[in-house]
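Engineer: Submitted below is the structure of interest, expressed as structure tokens.
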Amino acid sequence: MSYAYLFKYIIIGDTGVGKSCLLLQFTDKRFQPVHDLTIGVEFGARMITIDNKPIKLQIWDTAGQESFRSITRSYYRGAAGALLVYDITRRETFNHLASWLEDARQHANANMTIMLVGNKCDLSHRRAVSYEEGEQFAKEHGLIFMEASAKTAQNVEEAFVKTAGAIYKKIQDGVFDVSNESYGIKVGYVVPGQSGGAGSSSQGGGCCS
């Protein structure tokens, strides 16, 4: 299928926060409760629509283990967007965000759009990180923020699409040189009369049970 633009994403965060589950829910619309630990990098892709233009998202899901951090770092280069994920029921995954963000800022292009995702909001009764804390961290570091649930699919679509919307706006504002593919953006072509796949510019929001 043709596309107007291709955006490359990377999903980062600690082991077990649900990175692979978020990707699977977005690309296949299904939840797999038992998922093998990601070894190295996994890959997914999906078409969405932004401003009536078909956009292809290529998404790299990275391993959270420290031993794979050097592999992960190589994927920062050439990514237009990142989903930085923590688990709202595990405080330590939130505490490690600063380290992940430092890594991303050091190895990625300066204009990469980063979406902070507090995953597993369906388990709000086991919450260890408040919504306000996530929101404050995002505000302090210039990130977009959303809580989501890979299990119920709440805000999963929105997290990926809203990130794409921010990247698209940067293209419109002239922030990116789209002829330089190191920014994680590739200009495609569109067959007349063809629109994109599922998805559209969606409104963000909190996570409701």
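Placed from the backbone N, Cα and C atoms, the Cβ positions cover glycine too.
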Engineer: Need the matching range: Swiss-Prot marks motif 'Effector region' on one of 26-34, 35-43, 44-52, 125-133, and I'd like to know which.
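Structural biologist: Among 26-34, 35-43, 44-52, 125-133, the range Swiss-Prot annotates as motif 'Effector region' is 35-43.
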Engineer: Need one number: mean pLDDT over the motif 'Effector region' (35-43).
Structural biologist: 62
Engineer: Given the binding-site residues Lys19, Lys120, which one's Cβ is surrounded by the fewest other Cβ atoms within 10 Å?
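Structural biologist: Across Lys19, Lys120, these binding-site residues, the one with fewest Cβ atoms within 10 Å is Lys120.
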